[in-house]
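Right, one structure below, let's go through it.
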Amino acid sequence: MGKKRTHASDEPRPAKIRKPTAADLEAEQSPPQFIIDEAKGLRRVVPYWFTHRTMAKGRWWGRKVLEVFQKEFQDQSPDYYKRAIEAGKINVNHEQKSIDYVLRNGDLVSHSTHRHEPPVSNANISIVFQDDDLLVIDKPPGIPVHPSGRYNHNTVLGILKTPEYGFKNLFSVNRIDRLTSGILLVALRKDKAAELAAQLADRTVEKTYLCRVKGRFPSEPIHCAEPILVLSNKLGVNTVSADGRPCETNFTLLNYNPETDTSVVVCEPKTGRTHQIRVHLQFLGYPIANDPIYCNTDLWGPDLGKGGVKDPQQVMENIKNAKFLSDLGDGVVDLPSVVPEKDTAEQTSDRSEGTAGEEAAAAADTLNANETKLDSGSSSQPADASPANAFPCAECAITRPDPLPSQLKIYLHSWKYGGEGWAYETKMPNWAEETFSEKQ
């Protein structure tokens, strides 16, 4: 007779747990409570309890639940996870387990956290074009496109679903950074999203950006074909490197302001690498004038990375120690994200100024309130609706400063997008005017 097969845990094997669908998660969610701060021009979200879920990964099987959280999710202290399991904030298969419970194939792991989203700009999201299939908007700076890091409801897609705008099914097509403004294509149907995704993947879409850079940009057009390498997957920081992936951008001077020694440049990315425009401009010696990453001497040194990084290890150390990058959810770097709206939306490979490096794009949903990797869904409840709201929230004791208006934008604008039989364009931002000054 063969040996009797044993499970990793002595507990009876549970009935098969079904992975929550998008419809399940939608039904569970309570509408977010927004607070509009007219005086500061900010949109806030009232803190709420949020449950992150995922099916147990293969590498978790046979390991104790406490060990998994302590080893794989290090944004909290080991003691926090012990207390969270004992308080029922972390459970398995909808049941409270001991810290010694051994995870198995088919287990559904849940973690409830008290989410505090950073405030975003309360600027109006203007509609450039709309029909039954497509919504084209002029995204204001200072709002992330989709859930990422500490942002969930305070996103373009989340705000468009409020009664103020009234949209339901949304599928973002192109991605631009939280600090970047301009054209954003949002499909209203899956087939339209797939159609535009194919065009972007085939590189048949013409994209035109505007930016304001330091210095007098050359009057002759410049073609930059320097490859780009991800320096930090977690932070989405990139640099020109021979070991990087190929990419191309065309640059043309639009105007120069001698009083501010800045130039407005038209940018045409031919590929879609993360931060491609910003990195190529830095390499050329004309970084975007208010770029908090690529125009930062604390990170790149006095030459700001012109001509390429001489000491990548030193830059990595600078990035690691940069105080303004330490709080990823509030920082200027948008965090890795896959498709927005979990299972309900699709995204394309267009990442001319996307939010995360290609290699980091799989690190999307979060099991914790910060940026740990997950692949399932989540749901939210108001703070007073949690079954375990007595569990102390460290974030509630912290008062974070509000972002200044200057911290919610970058001089980079997605100006025009066009493909076969279609083209959309926004107004030029005021900072693209030749006479613009920082005081305006």
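Don't overthink the numbers, they just go from 1 along the chain as shown.
Every residue gets a Cβ built from N, Cα and C, even glycine.
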Stated TrEMBL location of region 'Disordered', expressed as one of 254-280, 335-361: 335-361
Within the predicted model, mean pLDDT of the domain 'Pseudouridine synthase RsuA/RluA-like' (133-282): 95
Coarse DSSP state, helix versus strand versus coil, of Asp177 (active site): coil
Neighbour tally for Asp177 (active site), based on other Cβ positions within 10 Å of its Cβ: 24
